[in-house]
């Protein structure tokens, strides 16, 4: 088996001491960030990216760290959902529905164990799916030309906000705003300075890393100041050890939830929140006998398996096509592009170490997370007692020192604050932030591919529609749009809190 | 109302953006030139901004007076932190920022002070000394 030998090489990369340390550290940090209400995977990954640069980690190690954080957040989000009835991050919203009632009945330990095992099943199945499907997609995508890539970017923008935004016009505007911000600076092919207004600081354009730390980390601080008191009564865990019989009740639901979540994760623009919602509602329809919403273990297992599987699935379009399937993968894409690594079909040819090292690291991360989240769960429940005023300012300080360490310029700190304010205002106005980041990120490539395509055709725009691959992509885009409209119609049960920055 | 305002903002921004693109010209060899892509994205933004101005759908709910004041204070602290990091040095600037933000978030004064006094040098030691990120310990005003 070709894949098995590649995977074997991947394990050799993942087992390097530095990578093992990063896996454990990332899983720990991720579970912590996920468990804290207010901070989710996007924020966590955004805060860590400048640090990976500052420490000079290579692309493989950075990706391993960030993916471990991403997976960890999906595990951690459930902890506060079950104990506090506050989802630690968005995808955990569905877990509150049955998790909190279980905790109130004194079955918190059971609920945590069921959801921990469900997370493990979901994430592991998704990683297996990633191992099998990603290379297939990458093989097909190798025949892409410039016009096809342009079509791919159009698909990324058209679908990313599909489900999250309430008003599609705003999603498009947000993407266009990102694209406009992305054109600031020297034009790469002609050297003309665009929209710099004479400031030399702007000649390099806006660094996407600086922008996304502002957009995701600082805007969260401003949001936090909106309502003063957060948190409710922490439910005491009750009995200390979970009962194995209760854990077994969740296995079937976990398997079903994993499959649904994985598919939701692959769809561009759907992401983990949708994965959790779809898994929960499917399980409810299948096996509800009036017990759902009242502390049914299957209602805890299904959404947890769903959101973990979705986060694995979301890595597939990001790695193979360079089109992120969720907010967090969009942020990871920013990091790869800043390291001069273009995700896409060629990634599998050019950097097999990165791809397979990452995949192998994800298998290892799952085992680390299982240990962190079952026997060591007490550590994280204690963290929930910490006050926000102690944690949120630390997030600010770490964002500043990370950005300062990579740019050494006070100007970039100001840019970061500016993006923080922008992010806050946009979210208040119901614009989602992920399209802005995507625009800023992909703008230059989109323009380059458009130029390349047009210089092949000698300036004839019809080349964009001549390639069969591009046409298939446009058709798929239309399909995704219809699907996401249909899903958002049906998904009116999604709590309105989901309209925060993605997952 | 907020939709109309954001529509107006986007309309003006995109219109200005497209208008400015006229000034970007380059010589031969490049069939597209530096001005076309800005138009490709600017013109739809003009139209969408206009549509949002005419057909608004959503109205933002802003925080109450106290919340807005807290947010304004936080922005001041964030800007001050950015401007003073180099002149003050990392430890004093971070101490002030953590203290200020902590108090805004409702920290009891003494415990907030303790937190800032521990965290600022702690972060410096952790990231500069232990992990080797160069951070300015003492700023240009003092050194």
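Cβ coordinates come from backbone N, Cα and C, glycine included.
Unlike curated records, TrEMBL annotations are generated automatically.
These come from TrEMBL:
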DOMAIN    A:20-438  domain 'DUF112'
TRANSMEM  A:12-35  transmembrane segment
TRANSMEM  A:47-71  transmembrane segment
TRANSMEM  A:111-134  transmembrane segment
TRANSMEM  A:140-160  transmembrane segment
TRANSMEM  A:172-193  transmembrane segment
TRANSMEM  A:205-225  transmembrane segment
TRANSMEM  A:259-282  transmembrane segment
TRANSMEM  A:321-342  transmembrane segment
TRANSMEM  A:354-380  transmembrane segment
TRANSMEM  A:386-406  transmembrane segment
TRANSMEM  A:413-443  transmembrane segment
TRANSMEM  A:463-487  transmembrane segment
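Counting Cβ pairs closer than 8 Å and at least 6 residues apart in sequence, the transmembrane segment (A:205-225) and the transmembrane segment (A:321-342) reach three or more and so form a contact. Here the transmembrane segment (A:321-342) has long-range neighbours at 41-42, 45-46, 49, 52-53, 58-59, 62-63, 66-67, 70, 73, 137, 141, 152-153, 155-156, 160, 207-209, 212, 216, 265-272, 310-311, 313-315, 351, 354, 433-434, 437-438, 441-442, 445, 501-503, meaning same-chain residues at least 6 beyond its ends whose C-beta is under 8 angstroms from one of its own. Through the fold, the transmembrane segment (A:386-406) approaches residues 36, 38-39, 43, 47-51, 53-54, 209-210, 213, 217-218, 220-221, 224, 230-231, 412-413, 416 of its own chain, all at least 6 residues removed from its boundaries and within a Cβ separation under 8 Å.
Spatially, the transmembrane segment (A:47-71) is adjacent to the transmembrane segment (A:354-380); three or more Cβ-Cβ distances between them are under 8 Å for residues at least 6 apart in sequence.
Model confidence over the domain 'DUF112' (A:20-438) stands at 84, taken as the mean pLDDT rounded to a whole number.
Of the two recorded stretches, the transmembrane segment (A:111-134) does not lie close to the transmembrane segment (A:463-487), with fewer than three CB pairs under 8 Å once pairs fewer than 6 apart in sequence are set aside. Taking every recorded stretch in A:140-160, A:172-193, A:354-380, A:413-443, A:463-487 and counting its Cβ pairs under 8 Å to the transmembrane segment (A:259-282), the highest total belongs to A:463-487.
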